[in-house]
Structures are given as structure tokens and as C-alpha cells.
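Visitor: Feature table excerpt (TrEMBL):
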BINDING   A:R34, A:E99, A:K138, A:K485  (6S)-5-formyl-5,6,7,8-tetrahydrofolate binding site
BINDING   A:244-249, A:263-269, A:288-291  GTP binding site
BINDING   A:N244, A:T263, A:I265, A:T268  K(+) binding site
BINDING   A:S248, A:T269  Mg(2+) binding site
DOMAIN    A:234-408  domain 'TrmE-type G'
Amino acid sequence: MSDPLLNNSAASAAVDTIAAVSTPPGRGGIGIVRLSGPESTTIAEQLVRLRGPLEHARARFAEVLDPTADEDDTQSRIDEAVVTFFAAPNSYTAEDLVEIASHGSPVVLDLLLRQALTLGARLAEPGEFTQRAFIAGKIDLTQAEAVRDLIDAQTLAQARLAASQMGGALSARVMPSKHALLELIALLEAGIDFAEDDVSVAPEREIQRRIGAIRPPLTELEATFTHGRVLHDGLTLAIVGRPNAGKSSVFNALVERDRAIVTAIPGTTRDTVSERIALGGIPLELVDTAGLREAVDEAERLGIVRSRQALADAAIVLVVIDASEIGPAGHLHEEDRTILNSLEGRSALIAWNKCDLLDPDTEDTLAAGIESSEPALLAHVDLPVIPTSAVTGQGIAELREAILKLATGGAAAEPGMLTSLRHHRAVTQAIEGLDAASAAATNNIPHEMVLLDLYRALWALDSLTGQTTPDDVLNLIFSTFCIGK
Amino acid sequence: MLSGVLAQPNSKCDKIWKSVEWVYMGFTEEFDVAVVGAGHAGCEAAMAAARMGLKTALITMNLDLIAQMSCNPAIGGIAKGHLVREVDALGGVMGVVADAVGIQFRLLNTSRGPAVWSPRAQCDKAQYRVKMREVLEGQRNLHIKQAEVTDLVLEEVGRDQGSEIRGRVAEDARLVVPTLSAQNAERMGHPADSVEGPGTGEAGTRDQGSGTSEQKRIRKVLGLKLRDGRRLMARATVITTGTFLNGLIHCGEERYPAGRSGEPASVLLGEALRRLGLRTCRLKTGTPPRLDGRTIRWEAFAEQPGDADPTPFSFRTTKIVQPQVSCHIAYTTPRTLEIIRENVGRSAMYSGQIEGVGPRYCPSIEDKIVKFPDKTQHQFFLEPEGLNTHEVYVNGMSTSLPMEVQAEIVRSIPGLEDAEMLRPGYAIEYDAVDATELDRALKVKCMEGLYLAGQINGTSGYEEAACQGLMAGINAALWVKGEAPFTLDRTEGYTGILIDDLISKGTNEPYRMFTSRAEFRLHLRIDNADRRLTAYGRKLGLVDDATWAAYERKQERMAALEKLLKTKKANAIEGPGINHPSRDQGPANGGQGSKIRDQATEDGGLVVPTLSAESAERMGHPVSLVELVKANPGATWAVLLKRPEVTIDRVLPALVNELRSDPLLVDYALISLQHRTSLSHLDDKERHPDIGHPDSILKTEDAVARSVARNEAKAVETEIKFAGYLEQQKKAIEKLKAAEGVRIPEWLDYSVISGLSREMQEKLGRVRPETIGQASRIPGVTPAALGLVHVSIRIQGEKRARGPEVVVA
């Protein structure tokens, strides 16, 4: 058995529901997640909390909820969205089509897309919406030729990708699991198709043992996604803190040039300033922000709104605290405390800045105090604290190291990591298939059904390594078992 | 198929033209459909065409060997049993004939779910031939002829450049033909030297047609030439030559041309087909030696009896009439392996004498020993070839070793020390046509009116042959009638899968059906073959009124049972005797059981002995149904059935009152209550309950009814219990249907689709898939390539419609 149509965009137009972020990557004014296919509305309804039923060509307000929060938790609302539904055939693709426009935060868009995939949508191939529109006769021949060229280019890209995957590290890493899975499938298939021969029926224990051996490498692989994705896509680090804490100085020190204007006047930075650097091979977008405080004028107020947005979007937050301001017996400023409180559960670190301004004795005390007097100074803050001086360059190397550690989760780069959502989806689907098969075997479900779950896992891995055909299964059966009469 | 419609004789005028035509062409007899070969494919093809009302000729080289089972004496087996059921559901004859002469029935794979249950029957080989001939001779419109076909009468009608052109040329040709001179007509009969033309005369060797089919000529088969000089005109021809095409038998160092052991090969027809220029390949298959049963010491072997409640192939069969016999299981000894190892170099397989590719699922004994040297013992079966013969088939010992080595091998097995060999095993090589030359109707793509079925298409097995024969026969008949072809897709049956595999991929070893080839295995069951196909058979005119009525009744019965299970709330006190006290429940529960029994009796229920604690334990049912019902108040039986430990045979006894109108099921319920552990080995004498109920209990002497009831109940159970899995497959089915819905027009030119690699262009050009779905199954065709093809359909389509040029990229 095989499902060559599993990811066949051309052939399955009428059946699959596809999803993608249809606005350019990065933060825009708004970001749109688009769904097309028969289950678009069902998925959308579960994806967001709609205020009012979906109607053709009508926009509806909706709330994007944190899927991990409780149903009734009012705090679980993470964004607002406008949802527009176009009923088949009066849509771009001639299928049911739903567009969810949110405030453009990449974090929210990513969350929506991943949720949509979990709810049964398939990640759209590049250009697939247009392809569907074309096949449905919605666009003209000139556009159609553009589509053909697009697929053509895709073909080349896929061929290159496939070639690199086939011999690539990811494929090499998945292959042993896939082969072990194929062997289990062959064992069960042989038991069914050659029951007349003396092929013994695989006992449940054996099935569980084999699944147990196939699964761990896959879960390990799955876990590399966090890191792998960072390696691939990079991440954003927002530098926040009170005015004049030295954020821009730290920013400049990290980008190694005077990118942001630095003055002694609090509130110099009005707008966010960003710059890409590579840190240990990871693309890192550094965002310098306006200091957070009660704004003194309109321009600063707007700057602070942007700072808060940057803080919300960033994968890592670097809080810069002016150590010199606090003094030997001092305590954290109220605004610092507020910032730190808002970071609970997030990936963040503290630059204990302007250390050069402390007299050596105090510095020592403070440095020690970070640990000893923690309850007083940084109560309940469980974040790495790096003493720095943007002026002398003290601690900047340590700061880079600490950022890198947060970015990679402490893991070192390894060959064959998962770097794309598509690959990650394939591995999680494989694991889901294995788990379902294991549960089915436990319940003594007949093998031909356990096999459905195993094939689901196999096809998912196929997308990383190349297709398995029914003949491959038969070949394995014939080379493994002495069959035939 | 448009061309077919255009070229049909559809008026009186046409008929007159036709008769003028055939006299001119020197035909001596006229038929609508001619079937060449009367094996398992040929018999189905001829029966189908004749039953569809067409004058049909069935031509065989030997009348006495119609429907010969040339290899093992059994029909069915895993996946093959599914095919027989499908043939039967469509109105074919194999199932009925096998049931009539079956001498040992076994339902295989019952330890798994009903999707992979498959019937198999040992058949009396001689009686099979007799019975099939009786069926054929009883069929109106069917003319059986003993003759050797030596050639096809052909007419060139055009080049395959799209249906419009093809259709037009075909029509022209029909008008032109009657005006042909006698000389021309004569030449028509000699395609080799004239019709083929000087350029291609003898060039029709294998792989000649590797170019894309756009360049292939379209020819039409007008009839057949027989060796005795007769010429049969036929509007459609079905060729089912089995292993007879250039057959070459190997037995050790010896080899000689033959169709089967003791029968001549079809050399002339083989040459004629070769001249058609179709791609061919050389395949190999083999058979084991046959022994004299009187010289076998039977007590040395383990007996393998059949089922006590035989499952017939045909939905129409109500009774198994033949006495039932057993097979025996045997094993090789170390000495056997030694003999084979010493002599393996003398096997035709290993001496390099055989060039054909043999089936891996049916290896010769020498193959098994060479390829699996660690296996110290190989199993084989001693199968009776019939009731009136002592001939025994040694299943599992196919070989092409020299005869004296075969004898030595046989005698190395305890129990066969004195066994006498009646016939030696042998290997046979034969020509098969690359089935990618065929369309889904089994018609040769570049020929009009020519259909191929069975081993000639590269398959192996009686059942694989039968289903193709039936489909080819139906389609030949439809073509003659001017109707659209009848095809099945992969979601409808194993038959559809077999044909789709063949025409999309071809095969490089004899193709056998396996359930693992079916991606929708859970839906393609033996119990629903009729639900899948009988309506088609009815529409085609192959299913008679009585069968249709029985079919409808069965569907009603199953629907009623399903409805009952889904609506009826489970109530432990509802029926008698459903309490199964578990071992640790103690006497208190035993008391409860009897209370329930009493109550049931008062309610007018039946008194049925409850199972003892001991037997409940033996059956592995630790949880009593009563407790389950208590724990799930308000649940329907269907809900309980979803639990792994609750099976239909545990539930039905509680529903005997509701099932009164279905005596078959009531009987099954009561029997299963008593004999749950040994369902398939019931013996009428043992099973005897004093269960008298005035109207609901059949005296079940009829074991077939029993198996039918069980299989139906199990099917309903499966649909409920595994609804989730079935639903999952249904989604995949919809997906495939969608892909099958996107047709690739015949005019699509792959060679100008930019971005398609040459390899892909070549593959697609050779197979010329009919749909995007079929294209996706051609090995190596990627999703991106499918996307390109899909888009190009519209691009090329619009350009065709717009410009004068016929095909532009």
C-alpha cells in the first residue's frame, strides 16, 4: 500500500484543505493565515473564537486564544483577528476559503498555522493557492503560464532539495528508523498475505518491542526542531529596559558598530532600531527599543508602544539594567520590576550594565550580591545575569555566549536537525502514527488496521527520504521470508 | 473510446455493409466476439459476452481441456479468494463452478479481521473441467470450437493522434472496406507481408514500440484465421493464450516447446502477435511433481481438514455437494536439502537455461534452498487432485530439476519413501505482453477490437486470469454494442487494482494479487464484494433476477442487524444466557446468572444453557457482559461492540427475540453461544442443543448457511467496531477518486511540457495514463511532475482551441 497522493497538490485539490501564512515573513501591519479547501470553515471555527457565524464575503471579529490556556481563562486571549470567509465557488481558489488577519506578529501567525495543521490542514506548497485557482479556471492563460513556470521552478528546487535530502544528513538520520518501520510492516504484511505459508503471526509483544525501538530516534529528532528552526530561520532579540539604562550602547557593542545613536539624555531612542548579526552561525535580529517609562511626549509614547510590540514578538528579551543607578544597598527600580515580572516563562536574560561606573569594591559586592542578596535585589527572577559595560566592552563576550545558549537551548549543532515546519510536521506525524499503532496493538486490533497507522508513519517519513512503493514492501517480504508454495 | 462509438454498426444499412464486407474478406463464419483460449480467462470472457446477448465463439485447441487447472488443484487463497468473490458478484462463473467441485473448503486468515479473510477450496480438477464445460454448453449464443488460431485479420484505420482524427479515419475506413479488391482483401489476411508495410514487416520484435504511442498506428482486428483454413469474422477479439505463446518447458537438462505438459504451444499465433509490434517480455513459472496417492504412507503426515462450515465462493451457492477430504502437511528433511544442494547446478533455473523471470512468491524448491540457506526445513502440502484419482499434488515443491533428482527428493521424505511419481515437475517459459500496451478496458491501445486477458498480460493464477477474462469479455461486448467501456478503479475492487497495476506499471515477474497491494483493504472485503459490484453486474446483464433478489435480501438483513445494534440499548436481562461468570466472581454471580435465566424464561425467552466458568475462562472473556452493561448504562449494543473484548457472537444471543425474523442469525447466535471456541470446526453431531423454538430455529444441517450467517454478522461487527479505521480509509478513497476524476486528454503532448525530465516524458508517453491519479502511480513520477501535467492539460487545451495548430506546448 502506498499513498502517493499524500502530498500531491495537483491531484487532491478537491479534498485537501491547505493552509499557509500568505503575507511576507517578518512583522507587517497585518499578517494573514489563509485556508482553502472543504474543511476551511471547520478548522477556522476551532482556530479562533469567532464573534458571529461565518458568512460569505463577510468579515468577522475573532479572538486568537492561547491553546495551552484554559477555555474560560480571559487571559488566554493573545490577539484579535478579522476573519473573512469566501464560500465555494466564489473565492480565489473556487473552494471554501478563509482568511484570518491578525496583528501580524510572527509568533501569532506561527501559532495559528501550526494549530491549523494540527486540526487537519496540510501545509500548502509554494504557489499552491494560485495553482488551485488556475485549475478551477479562475485565472487566465497568461497567469497560468506563470503558474507553470512557478511549478517548473519548484520542480527544480524540489529536485535539488530531494537530491540533497536523499544524500543529506536528515535523510541519513531518518533512514534507520524508516527501515526498521518497513521491516515491521513487512512482518505484519507477510503474516496476512502468507498466512498459508509457515510465517508466524507477530505477537503483540514483538510489535511493541519494535515500535519501542523505532520511536526514540524520532522523538530525539523531533526535539531538534526548536534548535534547528533557530539555526535556519534565526530569531529576534529585543533589548528593553528603562530609559538611559544603556540599551543602545549594548546594542552597538553587540553589532560591533555605532548603529544606534547614544547620548546621555534619557529617551534618546524614539523608534525601534534593528540590525541582523550572526551569532555562532545563527541569524539574530537585534532590536533596540525606546526606554520604557511614562512618556513625556507623543513621539516617545508611540516609540514605547513599538517597544512593547517588539518585546512581545521577540524570541529572546535582553533586559538592560543600570547597575550604577542602584547603589550598594539599592533595590530595583519599579519599572525594572514591572519589566521582569512581565517576562515570566519567557526566554530572557539581564545585562547588569554600566559596571564600569561602580567602584571596584562595590562592584565586587554587587557581583557577589547578585547571588547573595538576590531575594532583595532580583527577587523571584530566575534569569541569567551578566555584568557588562558597553563602554569598556567588559562582559560583552559573556553576554554573546549567554544569548547563544538561550537561542540553542544549550544544545550543540548536530547533523540532520529539523529546520523546517514541513519536516517537523512529518516527524510528528510519524510519531503519532507509531503511537496509534502501539495503542491499537495493545487493544488486539487486527493487524490490517494496525498497519494503517504504521503506513501513516511510513508515508510521513517518506516525505523526508523518498517514496516507498507497495513493491518495496513486497521486495522486503520476499527477501526476508522464505515464502511460496 | 469515442472512436469506438463512431465506428459502431448502428443501423440496418450498416449491417448490410458488414455482410458485404465479410464475404469480400473471405470469412466463413461471423461472430460478434471471438475468444481465443478456453482457460480461466477465456471461459469468463466468452460467458460474459454470450450472456450480454452477443454471438460468441470460444476457440480452444482441445475441447477436453477446457478450464484445465494446469497447476495446483485449488481455487482462491488470500487475495485470490477476493478476486473470485468479485468475479462472482459481477456475474462471472468461476465461483459457482469451484463451489460445485470443491472437495475441501477453508476460510483463511480468520485470526485477523474480516477484511483479510479469504476463501480457498481444493477442487476436483477433472470435475472442474467437466462442470465448466457444462456451464459453457448450457449458454445461449456461445459457440465452442476446437481449432488452432494462427493469425489475426487486420485493417489499418489510422494513426493514434487523438480521438478526433482516430474517429474520423475509423469511419472512413468502414466505408472504404467493402470496395476493396479481392486482392486487397486477400492481403488483409497476410498482415506480415503486406498490411504491415515494407518498413516494419519483420521488425515487430520486442520493445519495438518504445516510442510514444502518438506515433503508433491504429489497426483494427477484423477476425481470425484458423489453421484448418477457416476465417472467423469477429467484431471484437479476446486473446487468452496463457502460457501457450512460444511456451518452452524445462525439466532438468531437457527442454521442449509446449503450451503445458503434453500440449503443443501456439507458435503461429505467437508469431502473429509478435508482428503486432507490442512490447513483450519472457516470464517463467513452474509446477511440482505429482504422486500416486496409493504409494504414500499417509499416517506419516499431519492431516489438515477443511472447515466444518465451509465458506463458498459464490454468493449464489447454498450447498456444498462434494464429499470433503483433507490435505496433509509435510516437511523436507536434511537429506532433501542435501540432494537439492548437490544437484542444483542441473536445475534449468540455475544452469542458465531459463531466461524468463519467475515469481518470487512461488519459488522453486531449489530457489528456496539457495536463497534461504539457514532455513533447515521447508513446509509443503500433499493435495488431492480429485475424488476419482489417486493423483496428489505436492504443493511447495515446484522444481525444474531433472526427473531422477525429483524422484530422489520425494523419497527423502518420511512417508514418501515408496512414493511413485505420476508426472514430474517442470518449469515453463512463455511470452507475455507488456500490459502498459493496454487500456483500462484491457483493450490493446493501438488496436481496435483487440482485448487481452490472463497470463498473456503477465499475471499468474487462475483467479487473476478469471477476473481479467470477465472484464475483457464485458468490454469486448460493450464495444460491439457501441457502449462505453466498463472499468473498475482501485477503490472498487481487487480487480480494479490488478488492472490498474498492470496498465500503469506493467510487471517484470508473473503478477499475483496480494492484499497488501490494496490501499483500501478494509473496504474491499469478501463479505461486501456484492455490495461493491453486483449492481454493475446487474446493469451489464450478467446478474439474473433470482441472484439480484437474493442480493437485495442480504443487504436488507445486514442493514437491519446494523440498525438493531445501533439503536437497541444493551440490557443484560434481555436475552438468555449471556452471563459469563469469570473465574474470580465466585458463586454469588453464578446465582445471578441463573436468576437472569429464569427471568428470560418468564419473558418468553429461550432457555439456553449458560457457559460454565471454565469455558468462559478458556474463551478469554474475563469481563462478563452483564457487568459491562451495568457499567455502561444506556449504551447501545453498537457502543459496547466498540470495546475490544466484546464480539458479535457474545452480543447476538442477547438479541434472539429481536432477530426472530432472521432465523439464520438466531441459529448462528445460539450456536456461537455454545461453541464459541471452535467456530470453524463445528460438527453437526456435537452441536446439538436442545433448543427448540417453534419458528425461529432452523434445523441447520446446512453448514453453508451457518458460515454465511457468521460472515454477515462479522461484517456488521467490523463496520461498527472499526468505524474509525474505515472512516480514515474513506477519506483516502475520496482523495483517490478526486485524482481519478482529472482526466488526461489523449492529445496531451508530454514532449513539449517544459520542466518534465526526459525520463518522465518517456514514462508518461509510454503508459499514457488516463487520469492524474493513474499517472501518480507510475513509478518515478513525482508530485511536481503531476502538477506540471495538470497545468499543461489546460494550457495545451486552450491553445488547441485557439489556434489552428493541433498541439502546442
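A Cβ is built for glycine as well, from the same backbone N, Cα and C atoms used for every other residue.
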Visitor: Sort out the sequence-distant neighbours of A:E99 ((6S)-5-formyl-5,6,7,8-tetrahydrofolate binding site) for me: same chain, 6+ apart, CB within less than 8 Å of its CB, listed by position.
Guide: A:S22, A:I32, A:V33, A:R34, A:L35, A:V83, A:T84, A:F86
Visitor: Looking at the binding-site residues A:I265, A:A290, which sits with the largest number of other Cβ atoms within 10 Å of its Cβ?
Guide: A:A290
Visitor: Which chain-mates of A:T263 (GTP binding site) that are at least 6 residues away have a CB under 8 A from its CB, listed by sequence?
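Guide: Same-chain residues close to A:T263 (GTP binding site) (Cβ under 8 Å, separated by 6 or more): none.
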Visitor: Looking at the binding-site residues A:K138, A:N244, A:K247, A:A290, whose Cα is closest in space to that of A:I265 (K(+) binding site)?
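Guide: Result: the closest of the binding-site residues to A:I265 (K(+) binding site) is A:N244.
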Visitor: Sequence order is fine: just name those binding-site residues in A:K138, A:N244, A:S248, A:A290 with a Cα within 10 angstroms of A:T268 (K(+) binding site).
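Guide: Of everything listed, what lies within 10 Å of A:T268 (K(+) binding site) (Cα to Cα) is A:N244, A:S248, A:A290.
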Visitor: Using Cα coordinates, what distance in whole Å links A:K247 (GTP binding site) and A:K138 ((6S)-5-formyl-5,6,7,8-tetrahydrofolate binding site)?
Guide: 52
Visitor: Is A:K247 (GTP binding site) helix, strand or coil when read with DSSP?
Guide: helix
Visitor: Counting other Cβ atoms within 10 Å of each residue's Cβ, which of the binding-site residues A:N244, A:S248, A:T268, A:T269 comes out lowest?
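Guide: Counting other Cβ atoms within 10 Å of each of the binding-site residues A:N244, A:S248, A:T268, A:T269, the minimum falls on A:T268.
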Visitor: Write out, in the order they occur in the sequence, the residues of the chain not among A:N244, A:T263, A:I265, A:T268 that have a C-beta within 8 Å of the mean position of the C-beta atoms of the recorded K(+) site.
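Guide: Neighbours within 8 Å of the Cβ centroid, excluding A:N244, A:T263, A:I265, A:T268: A:P243, A:V262, A:A264, A:P266, A:G267, A:T269.
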Visitor: Which of A:R34, A:K138, A:K247 (the binding-site residues) has the most other Cβ atoms within 10 Å?
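Guide: Most Cβ neighbours within 10 Å: A:K247.
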Visitor: List every residue in the same chain as A:P266 (GTP binding site), at least 6 positions away in sequence, whose Cβ is under 8 Å from its Cβ.
Guide: A:P243, A:N244, A:G291, A:R293
Visitor: How many whole Å apart are the CA atoms of A:A290 (GTP binding site) and A:S248 (Mg(2+) binding site)?
Guide: 9
Visitor: Using Cα coordinates, what distance in whole Å links A:T269 (GTP binding site) and A:K138 ((6S)-5-formyl-5,6,7,8-tetrahydrofolate binding site)?
Guide: 49
